[in-house]
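Quick notes on the structure that follows.
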Amino acid sequence: MHLSDILRAPKAVLHDHLDGGLRPATIIELARECGYRGLPTEDPEALGVWFRDAADSGSLERYLETFAHTCAVMQTRESLERVAAECAEDLAADGVVYAEVRYAPEQHQERGLTLDEVVDAVNAGFREGERRTGGRITVRALLTGMRHTDRSLEIAELTVAHRERGVAGFDIAGGEIGNPPARHLPAFQHLRRHNCHFTIHAGEAVGAESIHEAVQICGAERIGHGVRITDDITVHDDGSAALGHLAAYIRDNRIALEVCPTSNLQTGAAKDYATHPIDLLRRLGFRITLNTDNRLVSGTTMSREFQHMAEAFGYGPEVFEEFTVAAVESAFLPLPERRRLIDEVIRPGYAALR
Ligand SMILES: O=c1[nH]cnc2c1ncn2[C@H]1C[C@H](O)[C@@H](CO)O1
Ligand SMILES: [Zn+2]
């Protein structure tokens, strides 16, 4: 598949962090405006490289340290709006037609914004970005609670309050080791009581037990990463595979895995593209979606993730269409909107490539 076709192909991303995807030049400008002096360099190109290298540590904890620099410049209404609008533009320029973009509102209150003001600013930015792209992209927000703090119930309540206004669901992120998702059970109970969607980062730094807890104790509808579900799968010498009860449950219930290959290589969740479990999981029938995680921090885009997968596994347009349709089927959107995207945008977009 040629790069121009990959760029042109309609894409959907379910797992993309707002604070992990800023333009380097924007970070530098915003840092000057707000007086943040902590940046490692003021050269945009060097800053982009710095993030990717610093995050390329083999540890999720070190990967997450880099977000201090992006969050530092996302503390005002104007900066949040700008970053969100640029996010929508950059995704659309990469051929993304539907995006769920997540961020943790509690990380944007250093200069006095309320949680509602943070959410309103980001939503205004997404609407502006959609407008600038002539409606080529639809963006929804997911509000993230951080695993290591105790504000998840508050963020779950915020999600319910803003659900009719651009917020599609909730997520839990942050360091996985020592912070099991069940610690946030009151948040998940609140969301379920209000029929709200949520996904949970699990099976990235911790194994299958974390995925089990996320799905069976907390009730996650999708799993962020989830690649360590392979702990519950035995592959025999003849290539056949035996699924444990958890792996079978996830596959058989079509629980989407939000797979982010490049991020996994950086945090040590996978060794290299060629041995990334995405291909095994796909062949076994899991519902796989392909995602960026953090475009700046992982130095990636949806098109680059497609390219890496094409090189590693020979995937062509039919597989990317499958991933894209899977993503929209698992999107936190009303069914008629999902059907419309699939029938009117994604299927015709791939048909035009053939
Ligand atoms: O892949 C990830 N795993 C766990 N936490 C993550 C990942 N990528 C970003 N985050 C964190 C850092 C951000 O500040 C936060 C909200 O977007 O979510
Ligand atoms: Zn993530």
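For all residues, glycine too, the Cβ spot is worked out from N, Cα and C.
Quick caveat, the model's predicted, so the values are computed rather than measured.
Residues or ranges marked as domain 'Adenosine deaminase' by TrEMBL: 10-346.
Taken from TrEMBL, the feature Zn(2+) binding site covers His15, His17, His201, Asp293. In sequence order, Arg147, Asp171, Ile172, Ala173, Gly174, Glu176, Ile223, Gly224, His225 are the residues near His201 (Zn(2+) binding site), counting only same-chain partners six or more apart with C-beta under 8 A.
His17 (Zn(2+) binding site) falls within a strand segment according to DSSP. Residues or ranges marked as substrate binding site by TrEMBL: His17, Asp19, Gly174.
The active site, proton donor feature in TrEMBL is assigned to Glu204. Taken residue by residue with DSSP, Glu204 (active site, proton donor) is part of neither helix nor strand, so it is coil.
DSSP gives His225 (site 'Important for catalytic activity') a strand state. If you look up TrEMBL, you'll see His225 marked as site 'Important for catalytic activity'.
With a cut-off of 8 Å between CB atoms and residues at least 6 apart in sequence, the same chain places Glu100, Arg102, Thr199, Gly224, Glu258, Cys260, Thr289, Asn291, Thr292, Asp293 near His15 (Zn(2+) binding site), listed in sequence order. One residue stands out among the recorded positions Asp19, Glu204 for having the most other Cβ atoms within 10 Å of its Cβ: Glu204. Same-chain residues at least 6 positions away in sequence with a Cβ under 8 Å from that of His17 (Zn(2+) binding site) are, in sequence order, Val101, Arg102, Tyr103, Thr144, Ala173, Asp293, Asn294. Checking the binding-site residues His15, Gly174, Asp293 for a CB within less than 6 Å of any atom of ligand 1 leaves Gly174, Asp293, listed in sequence order. The record assigns His17, Asp19, Gly174 to the substrate site; their largest pairwise CA distance measures 13 Å. In the three-state DSSP reading, Gly174 (substrate binding site) counts as coil.
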